[in-house]
Amino acid sequence: MSITGIKGMNDILPGEVETWQFLEVAARRVFALHGFSEIRVPVVEKTELFCRSIGETTDIVEKEMYSFCDKGGTSLTLRPEGTAAVMRAFIQHKLHALDPVAKLYYLGPMFRYERPQKGRYRQFHQIGAEAVGVDDPRIDAQILAMLQHFFDEIGLDDLDLQVNSLGCPQCRPLYRTQLVDFLETRLGDLCDDCRRRYTTNPLRVLDCKATGCGEATAAAPAMLDHLCEGCDEHFTAVRLHLEDIGARFTINRRMVRGLDYYTRTTFEMVTANLGAQNAVAAGGRYDGLVRQLGGPALPGIGFAMGVERLVLLMGEDRRAVQPPDIFLAALGDVAQRRVFSLMHDLQRRGVRAEIDYQGRSLKAQMRRADKLGAARVLIVGEDELTRGVGQLRNMGDSTQREVSLDELPRELGAK
Ligand code: HAM
């Protein structure tokens with residue numbers, strides 16, 4: 001029996017990978033315009049890093065981490081997200097000493113043991129960005145603007161950017177107490193999960209997908225009405241800057257996030273086209289995280305997009321496999337040798353050239369050139385070879401003319 005891949009972990013095959021590459025190139029281009037540099041961190045970290053940052057009572061830490069002990073007995077975890085690992089690297093390499101603002105981005109696989117379904121996988125990929133060192137609301141607006149800039153670049157414009165503020169360690173505990181008091185009056189209507197977590201993680205109850213919980217908490221108090229003066233001013237300024245640049249957004253007073261490190265501005269880019277997995281990108285501020293991980297007291301804000309979800313949304317607007325510029329069809333052993341070195345030369349000069357490897361008939365070679373979508377075919381038989389020429393056929397209009405083999409690179413506009 002053959003061995004198959006792991007459930008919820010996908011292979012990305014040619015035909016699909018071109019869309020991935022398109023998204024990656026667009027992200028790199030847009031992020032660079034906003035002054036972000038790439039950072040690459042390992043896919044495995046000490047388990048403690050994620051427990052301390054994401055939070056012990058979150059779904060991710062409670063149920064979804066791929067954790068194991070290495071041969072030295074250290075508990076390690078496949079990263080379930082990028083922010084914690086990037087902050088670990090930021091602190092370890094003292095990046096704050098180099099520049100008061102660190103703007104970093106990353107791409108790569110993340111791992112969560114979730115129930116796989118469309119748009120939700122156990123190995124998935126994020127493209128994320130983090131800005132550390134600035135609490136000015138302009139950076140919040142810039143991060144959101146950068147996200148929208150990216151979505152505009154890739155041609156996805158029917159997304160809803162929802163924004164909220166989750167307060168800070170000064171105002172959130174007071175709000176939390178009020179929320180717990182409110183939930184206590186509705187316990188009978190909550191699902192088992194929420195009855196269990198309403199004291200440990202009451203905000204998550206607002207995000208519960210069970211219909212009973214949604215109805216029971218419809219009148220729950222909102223964090224936005226309980227922000228302290230500092231958080232209120234900050235959020236007002238974020239909205240103002242977003243309006244100044246004409247950003248499209250809505251306020252979602254019920255939005256909470258599944259990770260504990262968030263403070264103040266939080267946001268999600270939501271689509272109506274992916275069923276339950278409606279968040280294509282999400283993020284927010286995490287002003288206490290760097291400190292909590294043993295670094296200096298520096299604020300931060302960032303987001304991550306789910307690449308699989310982006311690819312699903314791109315739908316028909318896929319990037320195709322690049323067809324060859326020319327297919328070199330050869331007849332006979334000597335012509336095959338000549339064509340092989342011609343291919344080598346063309347490729348080094350920037351032309352996508354293909355040959356046949358099976359010594360097949362001209363008809364079969366033409367069929368293959370057609371299947372590959374080659375724009376042109378060069379036919380070299382023994383007679384042509386002795387004269388140092390080939391028949392250059394344009395596959396679009398089926399015209400054909402003789403060209404000198406030495407002149408071919410120039411004919412094709414090669415370097
Ligand atoms: P998150 O909301 O857990 O936030 O994930 C961000 C995005 O990753 C989601 O909106 C979704 O598109 C994608 N995603 C998450 N889980 C899965 C999955 N199982 N399958 C497919 N896609 C998934 C974070 O991870 C934060 N680190 C974001 C952030 C960066 N906050 C501040 N900086």
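Backbone N, Cα and C atoms are what each Cβ position is placed from, and that goes for glycine too.
Features of the protein shown, as given by TrEMBL:
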BINDING   Glu81, Gly82, Thr83, Arg112, Gln126, Glu130, Arg257, Tyr261, Tyr262  L-histidine binding site
DOMAIN    1-323  domain 'Aminoacyl-transfer RNA synthetases class-II family profile'
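This view paints the features noted in TrEMBL onto the structure.
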{"residue": "Glu81", "record": "L-histidine binding site", "DSSP class": "coil"}
{"residue": "Gln126", "record": "L-histidine binding site", "DSSP class": "strand"}
{"residue": "Arg257", "record": "L-histidine binding site", "DSSP class": "coil"}
{"residue": "Tyr262", "record": "L-histidine binding site", "DSSP class": "coil"}
C-beta crowding around Glu81 (L-histidine binding site), within 10 angstroms: 19
Among Thr83, Gln126, which are binding-site residues, the residue with the most C-beta atoms within 10 angstroms of its C-beta: Thr83
Number of Cβ atoms other than its own within 10 Å, given for Tyr262 (L-histidine binding site): 26
Local confidence of the domain 'Aminoacyl-transfer RNA synthetases class-II family profile' (1-323) - pLDDT mean: 95
Recorded L-histidine site residues Glu81, Gly82, Thr83, Arg112, Gln126, Glu130, Arg257, Tyr261, Tyr262, farthest C-alpha pair in Å: 21
Intrachain C-beta neighbours of Arg257 (L-histidine binding site), sequence separation six or more, cut-off 8 angstroms: Leu166, Thr266, Ala282, Gly284
